[in-house]
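Peer 1: I have a structure here, written as structure tokens, and I will follow up with some questions on it.
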């Protein structure tokens, strides 16, 4: 679609034509009118510059009449004129359509709103509007007394159902859908109608529904977000409206959000730059903060920062909802991020900000830029590192390879790969190794081979820390070559490339471990999401290591049963999903009133997760709790994170509160946490606080 700038430049040559100057002048004026505003933009939208009736210079009947009369006076003949009237009219239409869609907002003015946002309270909602308010709607669970008191008589079927019965109906409808996208859309419709029902369903059926709400389905949702869009679910902050970020934050319909997930869509999962469509990742992630840790859904805020996109498919899609332009410069994106973080600090000073799926270089720079002054963390760097560390702690115990003999190869040297490596490195330094000794246990591999200082290419800044110097000038260009050279005990994949762990590579890993002696087991972590990006499957890992692999993946896999000498043997996969860490880490930061998220808090989240397994899980050889126990694990992570915040001196809770908890032990702190988490069946008393 042509922009207004394009329309104006297309018309410009016609200005030299002597036969119809009035027409071209009018067309150019109309095409450029949408960029001529400098005053504050009033609202509502009918008077905004993105509206066809926006304030600002407009051409009156008189101007049009003059143009028409001009035609007549010069005896204009469209059949013989050199002026391309069709092109001019097409330009005018394109400019008008762009203006209507908001693409022509090239100004950076500040929105001026006359009305304040109205927050709906439980006491105000009654009658049909109550049934349309997802935070208060109970569906068929309203009692006869509640139906009378809230003017609901006749608006609902006569039957009264428990929340559990409504869940049975919900699961039946979900299972009747044929595709994961259809199931996701049905779940989303429930969320829009009845928040309690949505989260009760998700909590009680987490193994079945988490892959729909988050990975792997959320990847497909993001790819199609503009097509699937039916209603607003987030804050959509465009760089074109960067001077109005505070206003947009204040427009969010729920008071005082406690945590937000923000993305710019530049690196969504393993799918690349999805632009505004990446907002689905923020929405899905926050659903897990609620389901896994109990942060109330009314206290969560999904955000997308729209800086444009370099995704040609999106730019050519007539239904794409984001800015139709290439991404702005790195400097402009950084300035935009500065303005966003400053606005957050002013409007919601106590809100924790989780950065999500920013492209690698920006992910590291933004984390370093804000982590010491604001409540923020990056799940791709810190959360992934923590959850892998938790699994690695358990895997080392099962592997039979002594800690001092562990050697780790990472396939993938992006933000997640380097973040995980640094987190695991800290595990070694806490056990007495020097920084250099700990770093020496890691070999990173990217698309060009082993990352070395003398490889001859321009290494990205974040890779330099782990670049090897002991390769004696030799360059190892393939992963298989690196495996045979390093002879590692563990192989970690963060490549977003399906099948990169081939049979020769996995068998080479097993062979290198077997050389150390009998009873040793290889550690194999293909961590990329979604499933279509996994480095290998669980079945392949079991088959190619003869059942010895200690396996953890980023995506969910089913159990694998094989025939053994004494009958069938069932192997249980581990899913090293960040959902085991980030919800508890976020909850701990909120409840401790931490002024920032420290390295100690992140490390503690991993160490506490490693200890959260029960006896049955240990017996099965698992290294993560079963996903059905994710909320129990999250509460342990939250408790230990809170204590870490106090140790680091960043908790703003009164000291006397901590002293009281210390007297009673973890029981008192656990009770405090449970009093503040959302449960769809027991949160009624605190709803009025929203």
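Sequential numbering from 1, following the chain as shown.
Yeah, the Cβs are placed from backbone N, Cα and C, and that goes for glycine too.
Note: TrEMBL annotation is automatic and uncurated.
Quick paste of what TrEMBL says about this protein:
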- 214: active site, proton donor (ACT_SITE)
- 285: active site, proton acceptor (ACT_SITE)
- 267, 529, 577: (S)-malate binding site (BINDING)
- 16-57: compositional bias 'Low complexity' (COMPBIAS)
- 191-371: domain 'Malic enzyme N-terminal' (DOMAIN)
- 381-646: domain 'Malic enzyme NAD-binding' (DOMAIN)
- 1-72: region 'Disordered' (REGION)
Peer 1: Using a 10 Å cut-off on Cβ-Cβ distances across all protein chains shown, tell me which of the binding-site residues (529, 577) has the largest neighbour count.
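Peer 2: Its Cβ has the most other Cβ atoms within 10 Å: 577.
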Peer 1: I'd like to know which of these recorded positions, 267, 285, is least surrounded, judged by other CB atoms within 10 A.
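Peer 2: It is 267 that, of the recorded positions 267, 285, has the fewest other Cβ atoms within 10 Å.
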Peer 1: For the domain 'Malic enzyme NAD-binding' (381-646), provide the mean pLDDT of the predicted model.
Peer 2: 95
Peer 1: Counting only residues 6+ away in sequence within the same chain, which have a CB under 8 Å from the CB of residue 214 (active site, proton donor)?
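Peer 2: Set apart from residue 214 (active site, proton donor) by at least 6 residues yet with Cβ under 8 Å, we have 284, 285, 287, 288, 579.
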Peer 1: Per DSSP, residue 267 ((S)-malate binding site) is which: helix, strand or coil?
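Peer 2: Its secondary structure by DSSP: coil.
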